[in-house]
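Participant: The following block contains the structure, expressed as C-alpha cells.
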Amino acid sequence: MLRTRLIQAASSAQRAFSTSQKALAAKQMTVRDALNSALDDELARDDRVFILGEEVAQYDGAYKVSRGLWKKYGDKRVIDTPITEMGFAGIAVGAAMAGLRPVCEFMTWNFSMQAIDHIINSAAKTFYMSAGAVNVPIVFRGPNGAASGVAAQHSQCFAAWYAHCPGLKVLSPYDAEDARGLLKSAIRDPDPVVFLENELVYGTAFPVADNVADKDFLVPIGKAKVMRPGKDITLVAHSKAVETSLLAAAELAKKGIEAEVINLRSIRPLDTATIFASVRKTHHLVTVENGWPQHGVGAEICARIMEDQTFFELDAPVWRCAGVDVPMPYAKTLEAHALPRVQDLVEATLKVLGGKVGKAAAANK
C-alpha cells in the first residue's frame, strides 16, 4: 500500500514536463527532463545500456523520469520488475559483470536497504577481488533524502552511507546541468555509481547553457562547482542543501557578508581541492547537508580540513549545519524543523564569523 501511495503521490505532484526533444531545445530544463534526456542519449549511444526497476516501463517511472523510453526502446531495454529490490539489483549486477551497462532504478533509495548486499558486497568489491579482471559498470539511481510527508522510513539521506564504501562512486546532483551531465558520465563509467537524486527538485526548471543539450555533454565525476563566489565564508553543500545555501548567501549579502557557495556534486570521490582553495580564501567554513550530522558528509569534510595544511588557514572552527539527529517526523511542522532552514544557516554563519561580521560588512561596502 505504501508503494502505491508513493507512486500516486509522485504522479499527482508532477509539474508540467516535456519530452526529451522539447527539453533539449529549451533555455530552461527541469531536473526530470534532464535525467530523461540523459537516459535517452545513452540508450541510443550504446546498445549495452538498459534500464530496469519497478514501474520504469509501461508506467513511465514512478516519477516519470523514464517517460517514453519503453515505447521507444522496447521490452529488452526498459524492463519492469517485480517488487523485489534484492532480486532485480542482483540481476543488474550480474548483467554488469557480463558486460552490459544496467541503470537500476530504486523507487526510493530507502528501498535500497533490501538490495544493499548486492551494492556493497557484489558491485563495489568485485573489481578489487578479481584483481581488476572484472568491471561492474552499473548505475543505481533514484530519489534520495527527505521528500514530503513520507515519514522516518522514507526520508533518509544515504550519501554518507554509500560514500563510506570503497569501490563505489557516489554522486549527488542538484540542478538540471548536474543531473544531465553527471548521469551521462555515470553510465559511461567503468565502475559502480550510486546516483542520489532529490524528489523535491524533479519538477524544478533551471537555466542551462546551450552546450548542456549536446549529446556528449558530460559533468566530470569528482569535480565540485562554485555556484556563487564570495570572500568572507565558504558554504559547502550537496543536493537540495545547495538551494538552502544559495538562499542563505542572498540573505547574508544583505548584511554585507559575501558567502562562497560550493556544490559538491560528487560525494565520493570528494573534490577537496576546490574546498581547500575556497577556505584558504575565506578562512571560514560551514558544511550544509540534509542528512544526519553524525558521521555525515560534513564530518568527513571537517576531518579532511584537519588533516591538511588548510587547517592553519581557518580563523574559526568549522560549523556543520545538518538535519536534526532524529528519525524524520511525519507531522509537517516537525518535518520542516528537522531539516536545515535558511535562517539556521544564516545564524550558523554569523556564529562562525563572530565579531568579524561588522568588519566584513564594512569591508564589502
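Note: Cβ is positioned from N, Cα and C throughout, glycine not excepted.
Heads up, here are the entries from Swiss-Prot:
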| type | residues | note |
| --- | --- | --- |
| TRANSIT | 1-24 | transit peptide |
| BINDING | Glu85 | thiamine diphosphate binding site |
| BINDING | Ile138, Ala186, Ile187, Asp189 | K(+) binding site |
Participant: Can you tell me how far the Cα of Asp189 (K(+) binding site) sits from the Cα of Glu85 (thiamine diphosphate binding site), in Å?
Facilitator: 23
Participant: List the Cα distance (Å, whole number) between Glu85 (thiamine diphosphate binding site) and Ile138 (K(+) binding site).
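Facilitator: So the Cα of Ile138 (K(+) binding site) lies 15 Å away from that of Glu85 (thiamine diphosphate binding site).
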Participant: I need the least crowded one of these binding-site residues (Glu85, Asp189), counting other C-beta atoms within 10 angstroms of each C-beta.
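Facilitator: Each of the binding-site residues Glu85, Asp189 was scored; lowest Cβ tally within 10 Å is Asp189.
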Participant: Under 8 Å Cβ to Cβ from Ile138 (K(+) binding site), same chain, six or more residues apart: give me those in sequence order, or none if nothing qualifies.
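Facilitator: Sequence-distant Cβ neighbours: Ala92, Val93, Ala95, Ala96, Arg101, Pro102, Val103, Cys104, Ala123, Pro192, Val193.
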Participant: What are the other residues, in sequence order, whose C-beta lies within 8 angstroms of the center of the C-beta atoms of Ile138, Ala186, Ile187, Asp189 at the K(+) site?
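Facilitator: Along the chain, the qualifying residues are Arg101, Val103, Pro137, Val139, Ser185, Arg188, Asp191, Pro192, Val193, Phe195.
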